[in-house]
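Visitor: What TrEMBL records for this protein is below:
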type	residues	note
SIGNAL	1-26	signal peptide
BINDING	ASN96, HIS101, GLU106	oxalate binding site
BINDING	HIS99, HIS101, GLU106, HIS145	Mn(2+) binding site
Amino acid sequence: MASRTSTLKFFSLLISSFAIVQMAMAGDPDILTDFVVPPNGTVDGNFFTYTGFRVLVGGAPPTAFKVLKASLAEFPALNGQSVSYAVLQFPSGTTNPPHTHPRSAELLFLIQGSLQVGFVDTKNNLFTQTLQVGDLFVFPKGLVHFQYNADSQKPALAISAFGSANAGLVSIPSTLFTTGIDDNVLAISFKTDVATIQKLKAGLAPKP
């Protein structure tokens, strides 16, 4: 009974959060039809349905930070609709590292736990907040931002809405340290030495 109540509560929060999509600034070109027909030309109710979030119901919590997306890549019906979603799962003590979304603002709705969030504007001002269940926080389009579950015991769960079917993601750590930028360039930029840069790169390298 408790499991069923928890599931119903989750879905009620998920459904109510759909309203925040309307608050996100659209970033995609307008289309001249009601929707974009897929290449195979087959359109029925299944085309407009995404089932990828069903794994959240009754599933075991992740052991590391995890994102489930419903964007253009996963849900082709979003093409031309200027909306997308992501569910962010934060085990205790985990973070969503600093990153940007170049094509959309992000509107985050916290439905479980607590989160420390923040972003940096183009004048290098840092804006932070500690969110509680039911809070919304907006990350302006294109600005570097992060989320962190500082609670050492409890997980956190959030839903993010975007005003683009393909908001894009630029991870700051990955972009700087896993794309082959010369060690000397990074060492000079961060006012450190090459050995430190190499350690950072090694820490971010994919595990075999």
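A Cβ is built for glycine as well, from the same backbone N, Cα and C atoms used for every other residue.
Predicted, not measured: the structure shown is a model, and the values here were computed from it.
Please go over these features one by one and say how buried each is and what sits next to it.
Guide: Taking Cβ-Cβ distances under 8 Å and a sequence gap of 6 or more within the same chain, the neighbours of HIS145 (Mn(2+) binding site) are PRO98, HIS99, THR100, GLU106, VAL117, GLY118, PHE119, VAL120, PHE139.
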Visitor: Based on Cβ atoms within 10 Å, give me the single least packed residue among the binding-site residues HIS99, HIS101.
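Guide: Output over binding-site residues HIS99, HIS101: least Cβ neighbours within 10 Å is HIS99.
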Visitor: For the Mn(2+) site given as HIS99, HIS101, GLU106, HIS145, which other residues of the same chain have their Cβ within 8 Å of the site's Cβ centre?
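Guide: Output for this site, in sequence order: THR100, PHE119, PHE139, LEU143, VAL144, ALA167, LEU169.
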